[in-house]
Amino acid sequence: MKIELFLVVIFALAIHMATAEEVIESDIEPAERGCIKSGQRCGSPHGLPSNCCDDWKYKGRCGCTMGVCTCGKNCPSRGCDYRTKG
C-alpha cells in the first residue's frame, strides 16, 4: 500500500512540474503574444521573432537591428508592424 501511495505522489509531482515548465516558457517569450516594443530584445540572437511594434518615437535605425527593436515614424516598414503602436 505504501509503494502505491508513493507512486501516486511521484506521478502527481511529475505532472505538476511539467505544467509549471510550460507556464515558465510562455513567460519567457512575450513576443508571441504580439509585436515587440521598441528597445526590447528581438531576433535570432535571442531566439525571438523580429516583429517590432512602431512606437513613433525612434528616428534612427529601424526594425530588429543588432538584436534590439528600433522603430519610428521615419522608418521604413522593414521588420516593423505598423498596425500596432507600442
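Placed from the backbone N, Cα and C atoms, the Cβ positions cover glycine too.
Remember, it's a predicted structure, so these values are computed and weren't measured experimentally.
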As recorded in Swiss-Prot, which of C71, C75 forms the disulphide with C52: C71
Distance [Cα-Cα, Å, rounded] between C35 (disulfide bond) and C42 (disulfide bond): 10
Neighbour-count leader, CB within 10 A, disulfide-bonded residues: C35, C42, C69: C69
Residue pair C64 (disulfide bond), C71 (disulfide bond) - Cα distance, angstrom, rounded: 8
